[in-house]
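Straight from Swiss-Prot, the features:
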BINDING   SER112, LYS113, THR114, ASP115, GLY166, GLN167, SER168, GLY169, VAL170, GLY171, LYS172, SER173, SER174  GTP binding site
BINDING   CYS247, CYS252, HIS254, CYS260  Zn(2+) binding site
DOMAIN    63-223  domain 'CP-type G'
Amino acid sequence: MPEGLIVKALSGFYYVQSEGALIQCRGRGVFRKRKQTPLVGDYVEFEAENETDGYVMAIKERKNQLNRPPIANVDQAILVFSAKEPDFHTLLLDRFLVHIEQHDIKPVLIISKTDLLEASERDALTRQVAMYEQIGYPVLYTSTKQADDPSELLPLLANQVSVIAGQSGVGKSSLLNALAPEAKIETNEISRHLGRGRHTTRHTELLPIGEGLVADTPGFSSLEFTDMEAEDLRFCFPEFLSLMDDCKFRGCLHDKEPKCAIKDAVETGEVDSFRYKHYLQFLHEIQDQKRRY
């Protein structure tokens, strides 16, 4: 049975790329019975009715799956955050990073609109972002003048399935247009009254860009931690990993426990205090959710 990759899902149809051809497929009824939904990024077996139409028959095992946006088998996430308009937001960035780390997806940070900053603002931003670089996250800086030049990003996309995410109004669609001008992704100017943009993408699609595939998605519509356990959160902060074995108590949540290596590292500056503050905020949010349900 032929195999292929779902590169687009729209109105109940799944568009499967296979050996240079694009086959418009419907899902088998058995998927509904199993409460299974084929996703963009799925490797599938399909049965062709003719050269252009067919049915998805089976879904290959996924290495990961995001629900909002609905996509599978993602290698890396390009997280776009602006230096200004809207302002750089570390709490929101850390929310994104936790969700990405939870699914074993490699993050790449892009800080856009850096030319809109005054010198003092640029110094403050550089200090904040340096901490993410020290953790090991790759970081690229771009300006509004560089918006049409994706040359620095292209090598990072090779042989990867990438998803672009970030705060509304930071230039995600503009970045995709620079990467794939033929795609003509719809963009919206930021609303100065609201201080944010609007998501413009309506469906999920994988675009061939450079030597890789980049997902044009409707964006992350939910950043809540509904599917995460409190004890799993710590593994989504890479700077904790080498220290956790030094905590006195096995299973330490690095909150109220005594002789905690993470809290000691915050005191010495080895772990950044605002990252730890965000960790505690997320931890208490997860614990409160579990108590409610």
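Positions of Cβ are set from backbone N, Cα and C atoms, glycine also.
For SER174 (GTP binding site), the nearest neighbour among the listed binding-site residues (CYS247, CYS252, HIS254, CYS260), judged by C-alpha distance, is HIS254. The Cβ of GLY166 (GTP binding site) has 24 other Cβ atoms within 10 Å, all protein chains considered. When secondary structure is read from DSSP and collapsed to three states, LYS172 (GTP binding site) falls in the helix class. Considering only the binding-site residues CYS247, CYS252, HIS254, CYS260, the residue whose Cα is spatially closest to the Cα of SER168 (GTP binding site) is HIS254. In sequence order, MET244, LYS248, PHE249, LEU253, ASP255, GLU257, LYS259, ALA261, ILE262, LYS263 are the same-chain residues whose CB sits within 8 A of the CB centroid of CYS247, CYS252, HIS254, CYS260, the residues recorded for Zn(2+) being left out.
Calculated from their C-alpha atoms, the gap between THR114 (GTP binding site) and CYS252 (Zn(2+) binding site) amounts to 39 Å. Neighbours of HIS254 (Zn(2+) binding site), defined as other CB atoms within 10 A of its CB across all chains, total 23.
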